[in-house]
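**Student:** I'd like to ask some things about the structure below.
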Amino acid sequence: MNQSLDRVGYTGNRMSQPLVGMDLTDLREALGSDQPGYRAKQIYEAIYRGQAANLVQISTLPAQLREDLAARHEVGLPEIAHLYQSTDGTRRYLLKLEDGRTVETVLMPDGERDTICISSQVGCPVDCKFCMTALMGLERSLTAGEIVGQVLLVARENQLRQDGGRLNIVMMGQGEPLLNLENVVKATRILLDPAGFGLSPRRVTVSTAGIIPKIAELGREPVRPKLAISLNASTEESRQELMPITRKYHLKDLLAACKAYPLRPWEKLTFEYVLLRGVNDTDADARRVVKLLSNLNAKVNLIALNPGPGIPYATPDPERVASFQNIVRRALPCFVRKPRGLDIYAACGQLKRNVT
């Protein structure tokens, strides 16, 4: 694969360039110097705050300007190739991108809260042995517009509003976000901009397998999402077996990077731990997790393995999960994530373009 495409995502040869993914600076350049500066802001707010699906819907613009823009640009949302609906209300979207590749996005309604799980890459290069996405390998990284477009499309399709504090975004779908950091940062700036999509930083989380240099880089961003770390083992040896990329990024160095990460007053680091029967789910593992995280402002999310074809591990019994949680939560906030969308392959670690 072309390395520049792998790094920054698809640019393509389309006749009309997408507006989704552009920030205010990009939009001003697209409009040209003959348009007043406030026109860019009108487009920006209409697309991200107003969720306009096409240029016709941006009624604040003069008709001639809309016509001129339409000759060169389109809003540029992905296309729904297929929608899978779970008995628990979860929806898995297979989205077709401009180059014909597909990526998956999941909506998880839960009473008064909705969560959209979005992807940062088509496939994933990290090769976690318990994750079905790893079986795809990496096809390419997504552009900022393709990342934001997932949110806009799912929000529009389900009449979700970004205000009111009920919508959460988690970048825990396909891909390793920190290996596409440039586009992830640009996308999250738009999602967190009050004039853009307008979410609070408390409502957006990016998950990483532990790409140490990029953790520090993300920490320097003035406006950034919350950070979650995929831990998944209590020893270096076990972690390297389950997550081969960690042979490059060692556990002690990861914990040091987490210690140095600048947390806001309200913030904790989240550590995610996928429990695999007989592999990393013992009481001794739980005690080692407590020791590893003892000097961090952290919480732990436990995920009992969501099974799938090609995954050589089993889900632990509920009693084993409860025992693990009870040990960890004596020292740290510890929660068990409820599986969502198991019947449509929409749960954590199951996103591999499966047809149900």
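Cβ atoms are placed via backbone N, Cα and C, with glycine included.
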**Student:** Per Swiss-Prot, which of SER200, SER207, SER323 sits in the S-adenosyl-L-methionine site along with GLY175, GLU176, SER230, LEU231, ASN232, ASN306?
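**Tutor:** The record-listed residue among the candidates is SER207.
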**Student:** Would you list, in sequence order, the recorded positions among CYS117, CYS131, LEU231 whose CA lies within 10 Å of the CA of GLU104 (active site, proton acceptor)?
**Tutor:** CYS117
**Student:** Quick one: average pLDDT across the domain 'Radical SAM core' (110-343), no decimals.
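**Tutor:** Mean per-residue confidence for the domain 'Radical SAM core' (110-343): 95 out of 100.
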**Student:** S-adenosyl-L-methionine site residues GLY175, GLU176, SER207, SER230, LEU231, ASN232, ASN306: biggest Cα-Cα distance, Å?
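**Tutor:** Greatest Cα-Cα span of the listed binding residues: 19 Å.
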**Student:** In sequence order, which residues at least six apart in the same chain have a CB under 8 Å from the CB of ASN232 (S-adenosyl-L-methionine binding site)?
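**Tutor:** The list for ASN232 (S-adenosyl-L-methionine binding site) reads CYS128, PHE130, ARG239, LEU242, MET243, GLU272, TYR273, VAL274, ASN280, given in order along the sequence.
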**Student:** Please report the DSSP secondary structure of ASN306 (S-adenosyl-L-methionine binding site), reduced to three states.
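**Tutor:** Its secondary structure by DSSP: coil.
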